[in-house]
Each structure stands twice: as structure tokens, then as C-alpha cells.
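Some notes on the structure that comes next.
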Amino acid sequence: MTLIYILILAGVSIFSRLLPTYGKGLILVASILVVLPTMTDWEEVGIYYTSDGIADIFILLTAYLLPLSIIANWNNIRSLLYFELILNLGVILLINFMCQDMLSFYVYFEISLAPLFILIGLYGANNRDKAADYILIYTLFSSLFMLLAIGTYEVLIGNTDYQAVSLVVLSTDLQCILFLCISAGIMVKTPLVPVHTWLPVVHSESPLAGSMLLAGVILKLAVYAIIRLIIPTLSDATVLYTPVVYVICAITIIYTSIITLRQTDLKVIVAYSSISHMAVCILGILSNSLAGINGSLILSLAHGFVSPALFIIVGGILYDRYHHRLIYYYQGLLTYMPILAIYLLILSFSNIGTPLTVNFIGELLSLTGAIGRSTILGCISAFSVLLSAAYMLKVTNRLTGGIRTPYTALTSDCTYRESLLMIALIIPTLWYGLYPNGIINMIWQGSKLLYIFVITQYNVIGNI
């Protein structure tokens with residue numbers, strides 16, 4: 001194994017001589033992947049970094065999407081600053097998933113906004129200033145409440161280490177206050193109604209790589225924050241507020257799905273579908289069931305494959321050729337871009353949660369856990385499957401069926417680079433849908449420990 005690591009790093013080092021900026025980023029990613037099974041202590045400052053099965057899937061997802069996001073913009077943007085911003089964002093996200101301290105998590109949670117803000121501000125679309133302001137105001141302001149909660153832990157126990165905080169028993173009233181403070185940051189980051197309006201704006205104005213990493217990884221910080229900051233530390237408050245969170249998630253799923261049906265901007269459609277899927281992830285992780293926890297993690301991974309791929313199609317392949325994102329400009333792709341049409345069909349059915357895709361497994365387990373926790377709200381949320389089928393089939397039927405519109409001149413089908421991106425994201429979606437044991441085995445230890453903690457610490461288990 002050591003020899004394999006040495007060969008990997010040697011190969012990356014040779015590559016870095018050819019492309020210094022990209023090579024540096026690859027060395028950072030490879031170095032972090034090498035130390036996945038290890039723990040790194042910085043005892044002098046009370047910080048250490050490690051990973052478990054839960055963190056591993058987010059770390060590997062980030063490392064997988066990072067080079068793909070660079071390749072996606074290869075023909076459009078060649079600025080070294082652009083690629084360095086992407087690499088910096090990726091490394092910040094990797095460290096965020098590995099840190100074992102609340103304060104460190106918050107710091108990297110906020111620092112991740114900096115490269116994304118600059119990416120959108122410098123390389124975004126026409127309304128990029130508005131989008132950059134949205135992401136700064138919404139996410140930064142809401143996270144101040146999270147900082148207040150973390151500061152409370154520091155004052156009370158003199159430590160913000162995950163394990164140390166989980167051992168402290170706080171009063172129910174204080175737990176409720178801390179729960180609301182931490183949830184304020186998570187709710188915006190997910191995002192849930194009514195603080196969701198920033199995400200479609202940011203996606204519509206963001207460069208392609210920014211949209212890929214935002215949908216694929218950054219939104220997952222909300223699920224990860226619940227696992228690390230809320231469930232192990234605020235058990236009483238979680239039991240009390242889970243019904244409220246379930247109501248908000250159900251409203252988010254139904255509302256955003258209906259809004260998606262009325263959208264005409266293809267990028268906004270994909271953005272709203274991301275909101276709905278992330279709400280399902282929140283339902284699963286708070287279901288107090290092993291099925292729901294596993295389903296939430298699997299769906300997070302599945303969404304990390306499918307959503308960036310859809311953004312590549314609507315914000316990359318089609319937009320690069322025709323410079324339009326409105327659905328009315330496109331029709332009949334099956335006749336003049338058949339390869340792209342096939343990719344779109346596969347990804348649309350994956351986004352719906354069709355059997356034999358990893359999305360199906362994630363949604364099935366998440367909704368099973370949600371229905372077990374709250375039958376009524378879980379069943380209402382299950383309508384997300386029908387609504388997502390409605391808007392995705394609407395998009396697919398419009399784009400692939402019929403004859404070519406006058407707005408779209410005949411052009412070449414997907415290039416080798418574009419097909420490489422599509423195949424790289426479609427293969428894991430289908431592979432893990434057919435053979436999900438690889439994911440389940442990876443997350444099993446972490447999710448099982450989380451479930452054991454839930455059933456031993458939480459006083460209320462079952463239907464709400």
C-alpha cells in the first residue's frame with residue numbers, strides 16, 4: 001500500500017512540472033487521500049484531523065469532482081487565478097470534512113465562501129454582482145448564529161472538540177437555544193424555505209465549475225453539520241424540534257418542486273431540484289433510523305454525481321454552443337445531438353430516482369426512514385418522487401423530442417472532453433445503483449455508531 005501511495009505522489013509530482021498550478025492542487029488532493037485512514041494531531045493548538053466512513057464519502061466525492069470541474073471549463077477559461085480558486089475551494093472543503101473540532105469546522109465553513117465569492121464575482125454571468133452579494137449576505141449572516149453557539153460551548157466547557165462536546169449534558173432550554181443558533185446556519189446552507197432564494201440566483205450566475213462544486217459538495221456541508229454538530233450534542237432539542245424541521249422540509253419539497261415546474265431557465269430548474277433533494281436528505285438524517293441515516297448519506301453522494309452532470313449539460317455543453325439557457329430555445333436534440341440526448345435521458349431518470357440508479361436507493365431509504373418517523377409528513381414528502389418526475393420529464397421531452405428549433409443551428413455532438421465528463425459522472429451513478437454494497441460498507445461503521453448513539457441517548461423514538 002505504501003508503494004502505491006509513493007507511485008501516486010510521484011506521478012502527480014511529475015505532472016506538476018508540466019502544469020505547475022494544477023499539479024500543486026493534485027498534490028494537495030492526493031496527499032489528503034493518502035492520510036484518509038490516519039489521524040493527524042496538532043496537540044499544541046488542540047486540533048486534530050481524521051476521517052470515518054461518513055466523512056470518507058464526502059472527502060472522496062470532493063476529490064472526484066475537483067478535477068472534473070477543472071476539465072469542464074478547460075476550453076472557456078484559462079486563467080490561472082480561476083483554477084487556483086477552484087483548487088483552494090476544493091482543499092478547504094476537504095479539510096472541512098476532516099476536522100474534528102467545532103471551531104475549525106466553522107472557520108472552514110466560512111472560508112469556503114471566499115473562493116466561491118471571488119469565482120462568481122470575477123467569472124460569473126451578467127448579474128454576477130447580485131449573485132455574489134446574495135451568497136455573502138445570506139450565508140455569512142446566518143452563520144454568525146452558529147458562531148454564537150460554538151462560542152457558548154467554549155465558554156461553558158473550554159473545548160469545542162466533537163467528542164468532548166458530545167459527553168457534556170446541557171439543560172434542555174440551553175440545548176434548544178443552541179439548536180436554533182446552529183440550525184440557522186444549516187438551514188441557509190441546505191437551503192430550506194424560506195431562506196432558499198439565494199441558491200437559484202447564485203447557480204444561474206455562477207461559472208460552471210462553481211455550480212458543480214456548489215451543488216455537488218458545498219450543499220452537503222449542511223448534512224454533515226447535522227451529523228457532527230447537532231445529533232451527538234443536542235439530543236433533547238433534536239427530539240423537540242424534529243417535527244418542526246420535518247414540516248419545513250415537507251413544505252420545501254412541495255413548494256420548490258411546484259416552482260420548478262414553472263421555470264424556463266434550465267440552470268434554475270436544476271438548482272431548484274437540488275433544494276428538493278437536499279430536503280429529503282435532511283428528513284433521512286433526522287429520522288432516528290439506520291435506514292434513514294444510510295439513505296441520507298447515499299442520496300447526498302448520488303446528488304453529488306447527478307446534479308453536477310446536469311449543470312454540465314445545461315450550463316456547459318448547450319450554453320457553450322448556443323448561449324441560451326431558456327428551455328424554449330431547445331428541441332429535437334435526439335435528431336442532431338443523439339449522444340447528448342442519451343446522456344440527458346440517463347441523468348434525468350437518475351434525478352427522478354429510477355430503479356437501478358444510486359438515487360433510487362438513497363431516496364427509498366431516506367423516505368422509508370422519514371415515514372417511520374412521521375407517517376403523514378413522510379408521505380407528503382414522498383410526493384417529491386412524482387413531482388421530480390413531472391419536471392424532469394418535461395425538460396427531457398422538450399429538449400429531446402420534436403424537431404430542431406430555428407434558434408439552434410446544426411452543430412457537433414459531444415466532444416471527447418464532454419463525453420469524458422458525462423461518462424465519469426454517469427458510471428458511478430449506475431454502478432452504485434446496481435452494486436450499492438461499496439457505499440454501504442464504507443458508511444456502515446459511522447452510520448451504525450450514529451444510530452446506536454441515537455437509540456441510547458434519545459428518549460423519544462418512533463412516530464411524531
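Glycine too: its Cβ is placed from the backbone N, Cα and C atoms.
Summarising the annotation, Swiss-Prot assigns transmembrane segment to 18-38 (among others) and lists sequence analysis as the type of evidence.
Long-range neighbours of the transmembrane segment (54-74) within the same chain, counting only residues 6 or more positions beyond its ends whose Cβ lies under 8 Å from a Cβ of the stretch, are 22, 25-26, 29, 32-33, 36, 82-83, 86-87, 90, 93-94, 97-98, 207-209, 212-213, 216-217, 220, 224, 227, 297, 300-301, 304, 308, 312, 316, 417, 420-421, 424-425, 439, 442-443, 446-447, 450. Marked as transmembrane segment by Swiss-Prot on the basis of sequence analysis: 54-74 (among others).
Sequence annotations record features per position, and here Swiss-Prot assigns transmembrane segment to 102-122 (among others). Remote same-chain partners of the transmembrane segment (102-122), defined as residues 6 or more beyond its termini with a Cβ less than 8 Å from a stretch Cβ, comprise 47, 81-82, 85-86, 88-89, 92-93, 95-96, 128-129, 131-132, 135-136, 139-140, 143, 146-147, 150, 153-154, 160-162, 165, 185, 202, 205-207, 209-210, 213-214, 218, 221, 225, 228-229.
Per Swiss-Prot, the feature transmembrane segment maps to 131-151 (among others); the stated evidence is sequence analysis.
The transmembrane segment annotation in Swiss-Prot covers 168-188 (among others).
Distant neighbours of the transmembrane segment (207-227): 54-55, 58, 61-62, 65-66, 68-70, 72-73, 76-77, 82, 86, 89-90, 93, 96-97, 105, 109, 112, 116, 119-120, 123-124, 182, 185-187, 189-191, 199, 267, 270-271, 274, 278, 281-282, 285-286, 296-297, 300, 303-305, 307-308, 311-312, 315-316, 450; these residues of the same chain sit at least 6 beyond its ends, with a Cβ under 8 Å from one of its Cβ atoms. Taken from Swiss-Prot, the feature transmembrane segment applies to 207-227 (among others), supported by sequence analysis.
With a cut-off of 8 Å between Cβ atoms, the residues of this chain six or more beyond the transmembrane segment (239-259) that come close are 172, 176, 179-180, 183, 187, 192-193, 196, 272-273, 275-276, 279-280, 282-283, 286, 288, 370, 373-374, 377-378, 380-381, 383-384, 387-388, 390-391, 458-460, 464. The transmembrane segment feature in Swiss-Prot is assigned to 239-259 (among others).
As annotated by Swiss-Prot, transmembrane segment applies to 266-286 (among others). Non-local neighbours of the transmembrane segment (266-286) in the same chain are 190-192, 196, 199-200, 203-204, 211, 215, 219, 222-223, 226-227, 231, 238, 242, 245-246, 249-250, 252-253, 256-257, 259-260, 292-293, 295-297, 299-300, 303, 307, 310-311, 314-315, 318, 325-327, 351, 362-363, 365-367, 369-370, 373, 378, 381, 384, 387-388, 391-392, 395; each lies 6+ residues outside the stretch with a CB under 8 Å from one of its CB atoms.
Only residues 6 or more beyond the boundaries of the transmembrane segment (297-317), in the same chain, are considered here, and those with a CB under 8 A from a CB of the stretch are 54, 57-58, 61, 65, 68-69, 72-73, 203, 208, 211-213, 215-217, 219-220, 223, 266-267, 269-270, 273-274, 277-278, 280-281, 284-285, 325, 340, 343-344, 347, 350-351, 357-359, 361-363, 365-366, 414, 418, 421-422, 425-426, 428-429, 432, 436, 439-440, 443, 447. If you look up Swiss-Prot, you'll see 297-317 (among others) marked as transmembrane segment, on the strength of sequence analysis.
Residues annotated as transmembrane segment in Swiss-Prot: 332-352 (among others).
Sequence-distant contacts of the transmembrane segment (375-395), counting only residues of its own chain at least 6 positions beyond either end whose CB sits under 8 Å from a CB of the stretch, comprise 243, 246-247, 249-250, 253-254, 257-258, 260-261, 263, 266, 269, 273, 276-277, 279-280, 283, 327, 348-349, 351-353, 363, 367, 463-464. Annotation source Swiss-Prot lists transmembrane segment at 375-395 (among others), citing sequence analysis.
Annotation comment: Swiss-Prot describes 420-440 (among others) as transmembrane segment, evidence class sequence analysis.
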